[in-house]
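Annotated features, as they stand in TrEMBL:
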- D48: active site, nucleophile (ACT_SITE)
- D50: active site, proton donor (ACT_SITE)
- D48, D50, D221: Mg(2+) binding site (BINDING)
- D59, D140: substrate binding site (BINDING)
Amino acid sequence: MGESVFNCCYVPPPPPGEEDPRISRRTEIMASHSAQISPDKRFIIFFDFDETIVDETSDDMVVQAAPGQHLPGWLKDTYQPGRYNEYMQRVLAYLAEQGVTESDIRGVMEKIPATPGMLTLLQFLRTRPVHDFEVVLVSDANAFFIESWLRRTGSRQLFHRIFTNPATFNRDGRLVMRPFHSHDCPRCPDNMCKQVIVRDYVSRRTQERGRPYQRVFYVGDGANDFCPALSLGPQDVAFPRRDFPMHRLITETHEAMPGEFKAVTVPWVSAEEVVQRLRKLVAE
């Protein structure tokens with residue numbers, strides 16, 4: 001798959017001497033520590049994290065670690081649309097200044113509840129035959145928040161790859177988050193277009209495997225999950241959380257531009273509904 005397939009989402013190479021803002025070796029290393037993936041997987045399933053795997057937004061929940069469990073007005077007033085990643089960098093800096101520790105933040109993340117039925121879905125994927133599912137997480141949260149929750153629930157090893165904003169603690173004890181990449185997609189926040197990630201990854205894995213997946217699945221909830229779902233084909237399945245932005249955007253697209261959204265759409269309230277559909281599809 002060449003660069004032209006990205007259309008509005010194509011990210012050009014950097015000038016000489018500058019770091020590549022595309023999905024690079026650095027971000028791939030940040031994304032995963034897993035071993036080489038079996039080339040025999042029949043399906044690939046992508047998950048969002050906030051309000052998809054967990055039933056809250058982790059960026060909102062971290063505020064519970066702040067003094068009084070709230071942020072000062074002057075800090076909240078610095079948010080600008082499309083620049084949420086930069087805003088969260090300021091929030092994390094503020095938390096560190098207030099004495100909030102790595103352990104404090106991890107404790108908040110570990111207590112976030114899973115969405116209804118999600119632990120059942122993760123267990124279903126964990127117990128499937130080894131050649132069934134390649135499982136990938138794509139999130140605009142950050143590596144520390146996600147890893148904290150997945151490790152607490154024993155789910156980390158299920159995910160073959162995790163694509164998210166890098167985040168590590170510096171010597172001063174501050175959680176430093178960086179943008180995942182840059183892109184030109186008008187639909188998505190400045191630091192992440194999930195369609196770029198999904199299309200690049202599926203293309204690269206298809207080349208490595210020498211054949212396509214039988215189906216691609218995408219489980220999400222937000223507006224930034226609609227963009228990658230647009231890249232799915234008619235054999236693929238989008239699982240939007242019912243009545244959340246991803247679901248509403250798919251519905252609006254079907255009404256305004258019939259045929260534009262190609263994937264089969266299966267809304268869910270409980271992730272057990274996702275399990276039921278996957279059971280049928282893997283048996284075909």
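Every residue gets a Cβ built from N, Cα and C, even glycine.
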Least buried by Cβ count (within 10 Å) of the recorded positions D48, D50, D59: D59
Distant-in-sequence Cβ neighbours of D140 (substrate binding site), under 8 Å, six or more positions away: D50, Y84, N85, T164, N165, F180, P189, N191, M192, K194, N224
Number of Cβ atoms other than its own within 10 Å, given for D221 (Mg(2+) binding site): 25
Env. residues of Mg(2+) site, Cβ within 8 Å of mean position of D48, D50, D221 Cβ: F49, E51, T52, I53, T57, S139, G220, G222, D225, R241, F244
